[in-house]
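What follows is a short report on a single structure.
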Amino acid sequence: MKVLGIETSCDETGVAVYDTEAGLRAHALYSQVALHAEYGGVVPELASRDHVRKLLPLIRQTLAEAGMAVDELDGVAYTAGPGLVGALLVGAGVARSLAWALDVPAVAVHHMEGHLLAPLMEETDEGPLEPPFVALLVSGGHTQLVAVDAIGRYRLLGETLDDAAGEAFDKTAKLMGLPYPGGPHLAAMAEQGTPGAYRFSRPMTDRPGLDFSFSGLKTQVLLAWQKSDQSDTTRADIARGFEDAVVETLAIKCERALDAAGCETLVVAGGVGANRRLRARLQAMAEQRGGRVGFPRPAFCTDNGAMIAFAGALRLQAGQSEDASVRVTPRWDMASLPAVQS
Ligand code: ATP
Ligand code: MG
Ligand code: FE
């Protein structure tokens, strides 16, 4: 089954073709980062308009790269939420219309399920990743620990009470004067920093539970930065201290979640999953426990069409699809999704 995947939930237009027999056939991504940079954040109306401009050319490009004609598609998957309503509607409208014109099914995909399943697309020496596992979702808008009993059967174990991990990276980078979007810049800066030069707290690790809180960390960094000489060396040292605090906090909670779920497989997804130090720390933890950890390739940690094509293909294969109306769900609880596997 060949499935076209369309992602337009925020500021990335992503398109891909996933073939349930041959794997990923092609994918293309257009990032609107430059468009929103001067505003220091995503402007929803500009995002929608840019998806309108880019989506059809990107679909043509992806099909050409896959060496496919449009009528070879067996289904269309699109992100229906969570996300910006106008941006989602662009993807949903195009996906639904295309499916109608081709007389193939269309399926609505939950953006975070897309992130969550992305690691399952990767080939590994240890064989395919399969549920049950615990998923750490760390993106720009979410920080969640989810027990995955089967594909489509998700139980929320814990989540952030304020900022998401990616949001904390972005805001912290901004307050130290790094360019938008700050997360990857902050991580690069941290590479040059001296470990231990600055030490920030590991929020909410001193009490039981699997929830997170990252907004206080940002304030700690602000105070340290204001008191410092604000040199490049100091910026790098603070970045390193911040990154270590986030990574350590996430690792502690992942270990707790594995214990709570009685499970030794961890899957990590979302933009912060691209962070090198987080990957190394969780890899070391898994080795020490005799378990395993799976990540998407770094390019599929952040938003992309491949994860939507893949998640959609699994749902279409299970016989799920939508009626002909164009509907999106800007706020959407993943635990309410229908199961794919029993
Ligand atoms: P959501 O998926 O919750 O709706 P989103 O789609 O905006 O949010 P993603 O695209 O998954 O989020 O991830 C983007 C986030 O990942 C940004 O906050 C960015 O700063 C962060 N990020 C990307 N690369 C890195 C990195 N190497 N280290 C730390 N953070 C990173
Ligand atoms: Mg983005
Ligand atoms: Fe995302």
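A Cβ is built for glycine as well, from the same backbone N, Cα and C atoms used for every other residue.
Residues HIS111, HIS115 are recorded by TrEMBL as Fe cation binders, and the candidate that the same record lists for that site, out of ASP303, ASP323, ASP333, is ASP303.
TrEMBL lists LEU137, VAL138, SER139, GLY140, GLY141, ASP170, ASN275 as substrate-binding residues, and of the candidates GLY183, GLY262, GLY290 the one it assigns to that same site is GLY183. Cβ environment of LEU137 (substrate binding site): MET112, HIS115, LEU116, THR143, GLN144, LEU145, VAL146, ALA269, GLY270 lie under 8 Å away, each six or more residues apart in the same chain. Cβ neighbours within 10 Å of SER139 (substrate binding site), excluding its own Cβ and spanning all shown chains: 23. VAL138 (substrate binding site) falls within a strand when secondary structure is assigned with DSSP. Checking the binding-site residues LEU137, VAL138, ASP170, ASP303 for a CB within less than 6 Å of any atom of ligand 1 leaves ASP170, ASP303, listed in sequence order. Taking a Cβ cut-off of under 6 Å from any atom of ligand 3, none of the binding-site residues LEU137, VAL138, GLY141, ASP170, GLY183, ASN275 qualifies. The binding residues for substrate are recorded as LEU137, VAL138, SER139, GLY140, GLY141, ASP170, GLY183, ASN275; their greatest pairwise CA distance is 17 Å. For the domain 'Gcp-like' (25-310), the model's average pLDDT works out to 97.
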